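Peer 1: Below is the structure I would like to discuss, written out as structure tokens.
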Amino acid sequence: MSIKAEEISALIKQQLANYQDELTVDEVGTVTYVGDGIARANGLDNALAGELVEFDDGTYGMAQNLESNDVGIIILGSFKGIREGDTVKRTGRIMEVPVGEELIGRVVNPLGQPIDGLGEVKTNKTRPVERKAPGVMERQSVTEPLQTGLKAIDALVPIGRGQRELVIGDRKTGKTSVAIDTIINQKDQDMICIYVAIGQKDSTVRTSVETLRKFGAMDYTIVVSAGPSSPAPLLYLAPYAGAAMGEEFMFNGKHVLIVYDDLSKQADAYRELSLILRRPPGREAYPGDVFYLHSRLLERAAKLSDELGGGSMTALPFIETKAGDVSAYIPTNVISITDGQIFLDSDRFYSGIRPAIDAGTSVSRVGGNAQVKAMKKVAGTLRTDLASYSELESFAQFGSDLDEATQAKLNRGRRTVEVLKQPLHKPLPVEKQVLILYALTHGFLDPVKVDDILPYQDGLFDYFDANHKDLLDEIANTGKLPETEKLDAAIKEYAATFQASEK
């Protein structure tokens, strides 16, 4: 049998053509400790802070502590499949989450994985969870209002698009209700809402989602949930994941409202991780960089300049206080980062004043510039009315022989408190808020009994919807008050038809 050189060369060429170089170089280390949501590994000498690493079982982790001998890693998910001695390799990537319109209407975990049983989220866009906040020249001042639908907020502590407004109060004072009502009120406002539930019970999150769905608000809302049974790393990452999802819309010229409910639990999760990673504890055992934990998150909320599309992200961070102590470490940190705070008072809540907003300690540092002109006009005296009422109320309990001016202030104060009450999940459009506050500040409610205020208000709205829709539309479209003669005449017309209760 003769060997032909051509056949051999053809065979060698074919072999060379089919050869694939599948050699890859991975930098791998060895797990030396695993437990409590963290792992330690040595051999990853070139790992970067915040870099994703992959364990043998496919679980990902994030490098946090870079020490001379080993790397402290927080594990993103269950750590049950990871053993001491397993290998762990660098990925060269930082953590990213899925983003885009496909997430709207879904409930996802902080990794962007759906947990609502409605199938996978079909998006191929991702964004890093950590991103540098827009700089000074990339922003513009807050000029557009964000209507919450709650009279007490829109009149006394107005919020603008791009603002950070802290909602602070003890547990069970209606903080989550403020968030849900604000989201419901964004319907038809060209706003995308993101509700980040951190450490909230799964049953509570489910109730909130059902409420949003009932009012049609899930059509423009993303819910990011990290329940109390989630590992601490997921509770720590949840707000950053929500911010990354919001930035996708903000940088595309859209308006976003993001609610962090609540950042106290995120700080607790971060404290837990830091102590397990053996970082030195500081005040209240929080690590030294707990201020930076919240500042780098909240600075990502902004009103972007027109060159960048003019989009905005408004943040409503929540903080839970213990026995009304706003001077604790985390509350004072977040108060100093945000553009104002809404303080919810448990005494007011239990006395039936809901939403339980304390007008004396609540403030909005930039929202006044964004307030509708009509609202600014009618709400101008509200804060002073409430302040003088609360001052006089304590004196009034000791005696009834008060002069007429004091009695008038007390009567106006009682009616102001009553007008600012609002039922759950019934946010009001701004024109109706302006209408009832106009009636209050111009003395039309002074002859009405305090118990009749809310029925009077409901009747007034129905009457204007039926007979004076043009006046309401004028407020809604122009943001200014109609001619006072017309408005006064219309309110007097209604007052003549109002039937007071027989009490």
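From the backbone N, Cα and C atoms, a Cβ is placed for every residue, glycine too.
Residues annotated as ATP binding site in Swiss-Prot, with sequence analysis given as evidence: GLY169, ASP170, ARG171, LYS172, THR173, GLY174, LYS175, THR176. As annotated by Swiss-Prot, site 'Required for activity' applies to SER362, with the evidence given as sequence analysis.
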Peer 1: Measuring Cα to Cα, how many angstrom lie between THR176 (ATP binding site) and SER362 (site 'Required for activity')?
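Peer 2: Between the Cα atoms of THR176 (ATP binding site) and SER362 (site 'Required for activity'), the distance comes to 17 Å.
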Peer 1: Given GLY174 (ATP binding site) and SER362 (site 'Required for activity'), what distance in Å do their CA atoms have, once rounded to a whole number?
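Peer 2: Rounded to the nearest whole number, the Cα-Cα distance is 15 Å.
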Peer 1: Taking the centroid of the Cβ atoms of GLY169, ASP170, ARG171, LYS172, THR173, GLY174, LYS175, THR176 as the ATP site, which other residues of that chain lie with their Cβ within 8 Å of it, listed in sequence order?
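Peer 2: Neighbours found: GLU320, LEU344, SER346, PHE349.
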Peer 1: Using C-alpha atoms only, work out the spacing between GLY169 (ATP binding site) and SER362 (site 'Required for activity') and round it to an integer in Å.
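Peer 2: Here the two Cα atoms are 11 Å apart.
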Peer 1: Who sits close to LYS175 (ATP binding site): which same-chain residues at least 6 apart have their Cβ under 8 Å from its Cβ?
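Peer 2: Expected: VAL167, GLY169, ASP261, ASP262, PHE318, GLU320, LEU344.
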Peer 1: Let me know the most crowded of the recorded positions, choosing from THR173, SER362 and counting other Cβ atoms within 10 Å.
Peer 2: THR173
Peer 1: For ARG171 (ATP binding site), what is the secondary structure by DSSP, using just helix, strand and coil?
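Peer 2: DSSP assigns ARG171 (ATP binding site) to coil.
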Peer 1: Taking the Cβ of THR176 (ATP binding site) as the centre, how many other Cβ atoms fall within a 10 Å radius?
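Peer 2: Taking every protein chain into account, the count is 22.
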Peer 1: Between THR173 (ATP binding site) and SER362 (site 'Required for activity'), what is the CA-CA distance rounded to a whole number of Å?
Peer 2: 15
